[in-house]
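TrEMBL annotations:
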type	residues	note
DOMAIN	7-49	domain 'Transposase Tc1-like'
DOMAIN	60-197	domain 'Tc1-like transposase DDE'
Amino acid sequence: MLEETCTKVSVSTVKRVLYRHKLKGCSARKKQQLQNRHKKARLQFATAHGDKDHTFWRNVLWSDETKIELFGHDDHRYVWRKKGEACKLKNTIPSLKHGGGSIMLWGCFATGGTGALYKIDGIMREENYVDIVNQHLKTSVRKLKLGRKWVFQMDNDPKHTSKVVAKWPKDNKVKVLEWPSQSPDLNPIEMLWAELIKLV
């Protein structure tokens, strides 16, 4: 529009106007895309669990998988450095030409601390998932001293809802927390993964 009227405006004027309107440049936030059925399921979950007290939540064993990019994440890192110290090791981030690969992890935690952390080799399949929970779930429950009424949380990833995985809790007398689809933001383990990813 300004070009059409041959109006020239300096960069500082544009910045001043943006500042006056309290606008600033930011990275766009990622937001889970929810359909009506997801919203309905989340509301049902909130209604069913909104009045649960801290003793219930203290006995939930939260679990999830995450993929961690090694040397390849797009995070902007800032350092405070003096002039001429740009290339000192403490002021640099290692990088590889084609990225450094990635690792896949399964982990769990509860109010009392972290449970097992398991490195997944290759692609996670339903059979792998059953092997992981068979090996690590009960030891994590003992380590975290969860009560007899402990509840296992897993999301609705297709490998978690398969017949093989759905059979496992019944066979092992494990109570599973019903979980709404498309709700990673409700799972506190996501914050734990975010902290771990920052450290890598």
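Glycine too: its Cβ is placed from the backbone N, Cα and C atoms.
Keep in mind that this is a model prediction, so the values were computed, not measured.
Within its own chain, the domain 'Transposase Tc1-like' (7-49) is flanked in space by residues 56, 178-186, which lie at least six positions past its ends and keep a Cβ under 8 Å from the stretch. Per DSSP, the secondary structure of the domain 'Tc1-like transposase DDE' (60-197) breaks down as 46 helix, 32 strand, 60 coil. Per-residue confidence over the domain 'Transposase Tc1-like' (7-49) averages 85 (mean pLDDT, predicted model). According to DSSP, the secondary structure content of the domain 'Transposase Tc1-like' (7-49) in residues is 24 helix, 0 strand, 19 coil.
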